[in-house]
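J.: Just dropping this structure here.
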Amino acid sequence: MAGNVFGQMFRITTWGESHGKAVGVVVDGLPAGLPFSEADIQKELDRRRPGQSEVSTPRHEADRVEILSGIFEGMSTGTPVSMLVWNSDARSSAYDVIKDTPRPGHADFTYMARYGMRDHRGGGRSSARETIGRVAGGALAKLLLSRFGILIAGHVLELGALRAKPLSFEEILENVEKTPVRCADLEAAEKMLEKVAALRQEGDSIGGIVELIIRGVPAGLGEPVFDRLDADLAKALMSIPAVKGFEIGAGFEAARLYGSEMNDPFRIKEGKITTSSNNAGGILGGISTGLDIVCRAAVKPTPSIGKVQQTVDLKTLENTEIAIKGRHDPTIPPRMVPVAEAMVALVIADHMLRSGFINPRTLLE
C-alpha cells in the first residue's frame with residue numbers, strides 16, 4: 001500500500017491500524033534546535049482522544065505518546081522523529097459480524113476491490129485512528145510555525161443545519177475548547193449538543209463543516225502551478241477520513257458573486273499592501289497574500305449508525321441488511337478539529353521550508 005507519506009521538505013509517514021498493536025508517525029525534515037517534549041505532543045493528542053464526551057465514541061484510549069528518536073536534551077536533532085501510541089481498548093470481536101458484509105459509507109468494499117483483502121477490525125488502515133500520527137506530526141509543525149508568528153484556529157462552523165455566528169480569530173481561540181462540540185459560538189454549541197444527543201438515541205449521526213483560520217503567514221508562500229498553496233491545503237484536508245468537500249475564502253459562494261463583489265481591492269495600511277476584504281481567503285494564484293488564510297472542510301455524517309441499512313453478503317453475493325454495533329462517534333467534526341489543524345500546519349511548515357521563509361540553520365543561532 002502506497003500513499004502513506006505526506007509533504008516534501010517537512011514530511012510525515014503514518015503507520016498502524018485501528019485494532020493493531022499501535023499507531024504512529026515518522027517525521028522527516030524537522031530542523032535541529034526546536035525545543036519540544038512529549039507533553040507538547042500529548043496536548044494535541046488529548047484533543048482528539050476518544051471517550052471524553054457525549055459527542056465522541058465511548059472507546060477509552062489513553063493515547064499516551066512515546067517519542068523514540070529525533071530528540072536530545074529536549075531539542076530536535078534534525079534526524080527523523082519517530083513517535084508511537086499503543087492501542088489498548090480495541091474490541092475486535094464486535095466487528096466479526098461485518099467481516100463479509102461491507103458497511104455502507106465505509107471503505108470496506110473499496111479496500112476489497114483494491115487489495116483483494118481487508119482488515120475488518122474497526123476499518124483497519126482506513127480508520128480515523130490513523131489520524132493520531134497526523135496530529136502528532138502536526139503538533140511539531142505547529143510548534144515550529146509558532147516560532148515564526150504563525151497561529152492556527154479551528155472550530156466547528158456548522159453541525160447539520162446549525163451554524164455558528166461570525167467570530168473573530170481571538171474569539172475562536174478563547175471559546176473553542178469550552179464545549180465538547182468545539183463550536184466557538186457557545187449559544188449555537190448548546191443547540192448542537194442537543195441535536196447530537198437526540199440523534200444518538202435514534203441510532204443516527206450528523207455531519208458538519210470545520211473552519212480553519214491560519215494567521216501570520218507571510219505574503220509570497222506557494223509553488224505554482226501544480227503545488228499551489230490552496231491546492232496543497234485541499235489535498236491535506238480531503239485526505240482526512242469523512243471529508244467530502246473543501247473551499248477557501250468565499251468558496252462556492254464565489255460562483256454566485258459578480259466580479260465587482262468578489263474582488264478584494266488593494267490598499268495601503270500602515271505602510272503595507274493589504275486588501276479591504278478577504279474573499280480570496282488569503283491566497284491568490286496559489287500564493288499567500290499575507291492576510292488570514294481561511295478554509296473549510298465539509299464532513300459527512302458518521303457512516304457507522306445503529307439503523308438498519310441495505311448491504312450485500314460477499315460470500316453468497318446476495319442482498320442482506322446490517323445494523324452496525326460497536327462504539328462510534330455520533331458526529332465527526334468536533335474530534336476532527338485538531339486533525340484538520342494538524343494537516344494545515346503540515347502544509348504551511350512544508351511550504352515555509354521549501355520557500356526559504358524558514359532557514360533550518362536559524363533555529364540554532
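Cβ atoms here come from the backbone N, Cα and C positions, even for glycine.
Taken from Swiss-Prot, the feature region 'Disordered' covers 41-61. Annotation source Swiss-Prot lists NADP(+) binding site at ARG48. Swiss-Prot lists ARG125, SER126, SER127, GLY285, LYS300, PRO301, THR302, PRO303, SER304, ARG327 with the feature FMN binding site, giving sequence analysis as the kind of evidence.
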J.: Can you tell which of ARG48, LYS300 has the most other C-beta atoms within 10 Å, given these are the binding-site residues?
T.: ARG48
J.: What is the total of other Cβ atoms whose distance to the Cβ of ARG125 (FMN binding site) is within 10 Å?
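T.: The answer is 21 other Cβ atoms.
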J.: To see if you understand the setup: which same-chain residues, six or more apart in sequence, place their Cβ under 8 Å from that of THR302 (FMN binding site)?
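T.: Within the chain, THR302 (FMN binding site) has Cβ neighbours under 8 Å at SER205, ILE206, GLY207, ALA242, HIS328, ASP329, PRO330, THR331, ILE332.
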J.: Could you give the Cα-Cα distance between LYS300 (FMN binding site) and the residue listed as 'NADP(+) binding site', in whole Å?
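T.: It is 18 Å, counting Cα to Cα.
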J.: At a 10 Å cut-off from the C-beta of SER127 (FMN binding site), count the other C-beta atoms across all protein chains.
T.: 20
J.: Going by DSSP, give the three-state secondary structure for ARG48 (NADP(+) binding site).
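T.: For ARG48 (NADP(+) binding site) - judged by DSSP and reduced to three states - the answer is helix.
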J.: Using C-alpha positions only, work out which of the binding-site residues ARG125, SER127, SER304 is nearest to the residue listed as 'NADP(+) binding site'.
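T.: Sorting the binding-site residues by distance from the residue listed as 'NADP(+) binding site', the top entry is SER127.
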